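Taken verbatim from Swiss-Prot:
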- 2-148: domain 'Globin' (DOMAIN)
- Ser4: phosphoserine (MOD_RES)
- His65: O2 binding site (BINDING)
- His65: nitrite binding site (BINDING)
- Thr68: phosphothreonine (MOD_RES)
- His94: heme b binding site (BINDING)
Amino acid sequence: MGLSEGEWQLVLXXXXKVEADLAGHGQDVLIRLFKGHPETLEKFDKFKHLKTXXXMKASEDLKKHGNTVLTALGGILKKKGHHEAELKPLAQSHATKHKIPIKYLXXXXEAIIHVLHSRHPAEFGADAQGAMNKALELFRKDIAAKYKELGFHG
């Protein structure tokens, strides 16, 4: 499941594009997630009231959370699969405090791929999408293993 160095470079090149506007990309990812998978919105008490795309776009809290999500993910991706230290506290909080099912992380990964492709179509072609899919699947698989260690089977 590992990525080649070339694949990691494609992932990191996409991550650099995201870093130029973490909050904007993050907000777009969360809106895509919530619109495509409305059940995920129920896990976010502070966003449950946001029912329309216009209300989501106007939410500074949603933008801040998107920034937090993509900052954490960017830090993990930069580790090129050697993300044990970063993953452990994230898995702990998502399993025990937030109780986020793994399937929601897969839905978030789909939203990330969609947003990157829509915002950067020239730079995020099939090869970059494939590499990012592999990197996000590695992340999801590793966090699922941590969930299992914690006794969370969500």
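A Cβ is built for glycine as well, from the same backbone N, Cα and C atoms used for every other residue.
Sequence features annotated in Swiss-Prot and their locations in the structure.
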residue	record	DSSP class
Ser4	phosphoserine	coil
His65	O2 binding site	helix
His94	heme b binding site	helix
| message | As a test of the contact definition, list every same-chain residue at least 6 positions from Thr68 (phosphothreonine) whose Cβ is closer than 8 Å to its Cβ. | response | Gly26
| query | Rounded to an integer, what is the Cα-Cα distance in Å between the residue listed as 'heme b binding site' and the residue listed as 'O2 binding site'? | reply | 14
| Whole-number Å distance between the CA of His65 (O2 binding site) and the CA of the residue listed as 'phosphoserine'? | 31
| query | Which residue, out of the binding-site residues His65, His94, shows the minimum number of other Cβ atoms inside 10 Å of its Cβ in this structure? | reply | His65
